[in-house]
Amino acid sequence: MPTPGSSADWAAWASVPWTRQTDDDSTGAGTAATIGWRKTGVPYLPLGTAGAQQTLDLWLPAADTSPNAPLPAADSLPRRPGGGTWIVFIHGGAWRDPLITASSFTPAATNLLRRATTTTTTTTEPNIAGLVSLNYRLSPHPAAPSQTARHPDHIADVLAALAFLRRLDILAAGWILAGHSCGATLALQAVMSPARWGLPVSVPVPLPGPVPKPAVVVGFSGLYDLAGFVARPPAGYAHLREAYRAFTAGAFGPDEAVWRAVCPATCEGRWVREWRARGMVVLVQSRQDTLVPYQQLEAMRARLEGEEAAEVRVMEAGGDHDEIWQEGGRMAEVLWEVAGDL
Ligand SMILES: N[C@@H](CC(=O)c1ccccc1NC=O)C(=O)O
C-alpha cells in the first residue's frame, strides 16, 4: 500500500465488526436484501484516546447481496474492483444537537447502496467505492450540557477523520465531501488551510499525516454567513435570530469577528486557492426550509463567483430543513449525479 496506516490505525479499524446494511425499503418480512456492509462507530483516533463522538460510520456496497453471504473479517477492508468514488458526509445540528449524528446519513446511504448494488456497472453509471459519515465533538446543548466542544474542536475532528481515512488508503483521489447545515460549513472549512483555525497542516497530533482534499464539496442547506444572519435576518426568519446567536456563540464564542473569520462566505482572503484541487462546489437549498433561508446559498454563491478558481453549481431541493436527510432520496440522487460527473 502506498500510505500504509500505522498499527494504531488498523487496531482502531479492527475494533468494530462488519454488520449487514439491509434494504429497509424493500417489502417482504425478514427477507430484506443485504445491500451493504457497515461499520458503526469506528474510532478515528488511537484506541483509548478517542472520545465517544470521535468516530465514523462506513458502508461498502455488498459484493454479495444474498441474505446469508458471509461478512468480511473485522480487520479487513475489501476494495471494489476498479476503485470508484468515495463519498464522505458531515452531519448538521448546529454544532450541538445530540440527536443528529453520523447515523443521520443512513437513509441517503441506503438509497446509494441500493443504486450501487442494482445497477449493472456500465460506463454511464458511477462506481461507488464506499460511503463514510463522520461524528465530531459537539458544543453544549440545552439537552446535553456536558458537551464541551468549542471551535476549532469540530473542524479538528473532521480533519483528523479525513487523515485517518487517507492513512487506510481511502480518499486517494476524486472523492466527494458533502455536509448538511453546519456540516456544509465544516465541509468548506475542510478545504481551507488548517492554519486558519490555528491547526497544524498535518493532523492529528498523535498520528501525523496529510489531510486529503476532495474534488467536489456538496453543501446541503448550508450555513455560510452566521454574522450576516444575526445582523440582518431575512424576512420570515427574524424569529430565529436568538437561536442562531445562541448556537453560534456556543460553537465559536461571543466575538462576532470570529464568526466572520470562520464562515466560508465572509472569511478573509481568497480561500479557494488553499483547496489545491478543481474547486467544484455544489450548493443545494430548499426554498421551503424554515430554519435556513435561501439567502445563505446566495451569499455563498456570490462569494465563490468572486474567486475565479471555483466552479459553482446550484441544484434544487424541496421540503423542510431536516427532511432532505431524513428522507434521503433527493440527497442520494444529488450525490449519485455528482459522482457520475467526476
Ligand atoms: N436542532 C438544532 C438546531 C439546528 O440544527 C439548526 C437551527 C437553525 C438553523 C440551522 C440548524 N442546524 C444546522 O446545522 C438544535 O437543537 O440546536
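Glycine is no exception: its Cβ is also placed from the backbone N, Cα and C atoms.
Worth saying up front: this structure is predicted, and the values here are computed from it rather than measured.
In TrEMBL, the motif 'HGGXW' annotation falls on 91-95 of the listed ranges 6-10, 16-20, 91-95, 221-225. Non-local neighbours of the motif 'HGGXW' (91-95) in the same chain are 101-102, 104-105, 133-135, 138-139, 149, 154, 179-184, 221, 247, 250-251, 322, 325; each lies 6+ residues outside the stretch with a CB under 8 Å from one of its CB atoms. For the recorded site, Asp289 (active site), the DSSP three-state label reads coil. Other Cβ atoms within 10 Å of the Cβ of His321 (active site), summed over all protein chains shown, number 19. With helix defined as DSSP H, G or I and strand as E or B, the motif 'HGGXW' (91-95) counts 0 helix, 0 strand, 5 coil. The active-site residues listed here are Ser181, Asp289; among them, Ser181 has the most other Cβ atoms within 10 Å of its own Cβ.
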